[in-house]
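Before any comments, here is the structure.
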Amino acid sequence: MGAHPTAHGPRTLEDGSPTCKLIAWEVTRSCNLACKHCRAEAHMEPYPGEFSTDEAKALIDTFPDVGNPIIIFTGGDPMMRGDVYELIAYATDKGLRCVMSPNGTLITPEHAQRMKASGVQRCSISIDGPDAASHDAFRGVPGAFEQSMRGIGYLRDAGIEFQINTTVTRDNLHSFKDIFKLCERIGAVAWHIFLLVPTGRAAGLSDQVISAAEYEEVLNWFYDFRKTTSMHLKATCAPHYYRIMRQRAKEEGVSVTPDNFGMDAMTRGCLGGTGFCFISHTGQVQPCGYLELDCGNVRNTPFPEIWRKSEHFRQFRTQEEYTGKCGPCEYHKVCGGCRARAYNMSGDHMAEEPLCSYKPRRMTPCR
């Protein structure tokens with residue numbers, strides 16, 4: 001996921017619900033890789049319960065009713081779904097901006113041209129090391145790095161912009177500058193770093209999760225590093241970056257405006273249930289792909305109704321529902337903490353962000 005600039009349009013729907021800016025749609029869970037951090041624990045074989053072409057198109061028909069969302073076609077690897085370009089073309093014809101997050105290994109010149117023709121605006125490719133040895137070890141398949149680099153070349157040839165996504169782990173922290181240099185060299189338009197969420201296969205990567213203090217260091221480094229390049233840099237699943245950005249900007253006497261910080265000045269950290277949602281391969285709507293919280297199924301309830309009325313989404317939209325230090329925190333509206341990490345580390349999706357070291361000025365809830 002993550003292949004997206006921020007969507008545009010009004011902030012609320014006619015009933016007062018927030019507009020949905022982004023939908024990550026897991027059009028298939030099948031994948032040809034075996035990544036150590038995969039939230040879906042995906043495998044090659046087809047999964048039962050995936051949508052037919054007609055069902056998928058009927059779902060697409062409902063998306064404009066929640067705003068003008070960007071649709072992220074994700075997986076698994078979305079390229080393992082045979083009708084994916086037909087679905088993208090259908091969504092594009094509806095006026096929806098479509099982006100895609102393949103792993104890159106399956107992209108051929110023909111696939112890249114079909115992406116372009118169907119309306120794919122951007123691809124995100126995950127690269128977790130600056131070379132084959134480090135990336136392939138994380139991705140679980142020898143040759144994955146070389147295949148992804150080749151696929152990226154085909155995207156370039158087809159005129160499709162791409163971004164690189166990198167998951168932060170203890171093993172690759174020391175390689176971040178080299179990964180960025182790789183992004184520059186291959187022509188990426190953006191580099192998004194993802195803080196590891198311990199779900200799916202990543203639940204077994206406890207030794208790779210860095211501490212709250214280390215995350216603070218990484219995100220401060222990221223804040224400084226973004227000043228050195230014109231490439232768009234974004235911290236994802238790292239809502240506390242938006243606190244750090246404001247703290248640092250205040251220290252430097254810089255206003256947090258789009259002119260100074262781009263779209264980072266206009267969005268918040270965790271968008272789950274407030275501007276973003278995830279739809280699984282079987283139709284379950286979730287706040288995000290890392291938080292398997294059942295907010296309703298589009299096979300039983302129209303998607304716009306789920307977006308507007310889900311009790312879980314209502315919680316995420318109400319500051320008083322947050323417990324621990326996230327509720328009273330003065331940075332709540334721009335951060336919100338990672339709900340998936342809260343759930344996976346405490347069992348409570350409304351608990352405080354476990355990998356944040358900040359202590360709010362007050363610790364009593366806002367009532």
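Glycine residues also receive a Cβ, built from the backbone N, Cα and C atoms like all the rest.
As the structure is a computational prediction, the values presented were derived from the model and not from experiment.
Pulled from Swiss-Prot, these are the features on record:
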type	residues	note
BINDING	Cys31, Cys35, Cys38	[4Fe-4S] cluster binding site
DOMAIN	15-238	domain 'Radical SAM core'
What is the pLDDT of the domain 'Radical SAM core' (15-238) when averaged and given as a whole number?
89
Counting every protein chain present, what is the number of Cβ atoms, excluding its own, within 10 Å of the Cβ of Cys31 ([4Fe-4S] cluster binding site)?
23
